[in-house]
Amino acid sequence: MSKIEPGHLLNQLSTKHFVSGEELAQRFGVSRTAIAKQVKILQEYGVDIFSVQRSGYKLGREVTLIEKSQVIEGLANKQSSLLCVESLIDSTNDFVKERVSTLEDGFVCIAQGQKQGRGRQGKKWISPFASNLYLTMKWRFQLGFQSLSGLSLAIGVATVRTIKPLVKLPVTLKWPNDVYINGQKVSGTLVEVSGNPDGSCDAIIGIGLNVNMPQVEGIDQPWTDLQSNTSDAININRLTASFVNNLRTIVSEFATEGFSPFVSEWEAHDHFRDKEILVINGKNQTSCVSRGISSSGALVVEVMEDGITKTKELFGGEISVRSA
């Protein structure tokens, strides 16, 4: 029996008419039961497919897959081996992590969907199929884990550079790794590190960007997507190429210069600048006033202690912030 790739099946479906299970089974050389099982999987991962007995299957909305050849057309570095586009995998971070020793700097893995996408602090990243951009890039650093301070913030700058020209509402950055459009989350970053803490180490830089997100359950905060914030149709392949170009440019500069070249650009989009916030560390919450970031990417806050206002620098780890 032939294996059915989810993307190949989607390419056989239309929003205009039904395609019967029998016809699809003949095209793929499988049983109608196999087709039905694959359709169910796609439905479970967020694809809007109508299933009507004796009529077949029809898409509820247009679906555009990320195509490797079209992405490469828009890349500054068109080396094919530096890019892979997978169908439905556990997570792009895991895919890269399992192969990290064999990959070149700037290698990018993209998935049409993720079964076990995740964000910071072990939170699940909802990853419906053929709706958003899920990617991970690998980059090796030579000076240990400490040299990566501020990397997730630099990735936020790359995200802003990519999406700001596409939308009219304000794009802001929430320390340390979230991107907002008009106060709603549109993107997040998860940086994982392997290797020598004091020497050569690999950064596994995972990013999720909501592009054309269906209504889903399980997201615990206000969110939005790019398509909801523009009247123009988002071309997912051009968007992907632009994002990869910005990522490679920024991470290459970060590898030699650190975070300092990006401080002013990050602060220009600071979501909480001079606002009251809650700093959350486990079960502890502290009221502060956000005062921007340091040259190394630490969050600078003012906090009252014993009636005295003190300025402190806070670093990532398990710390998160939200509006007071």
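Indices start at 1 and increase along the chain as displayed.
Yeah, the Cβs are placed from backbone N, Cα and C, and that goes for glycine too.
Given the ranges 1-20, 21-40, 61-80, 301-320, the record in TrEMBL names 21-40 as DNA-binding region.
Residue counts for the DNA-binding region (21-40) by DSSP state, with H, G and I taken as helix and E and B as strand, are 17 helix, 0 strand, 3 coil. A 10 Å cutoff on Cβ-Cβ distances gives Gln114 (biotin binding site) a total of 27 other Cβ atoms nearby, all chains included.
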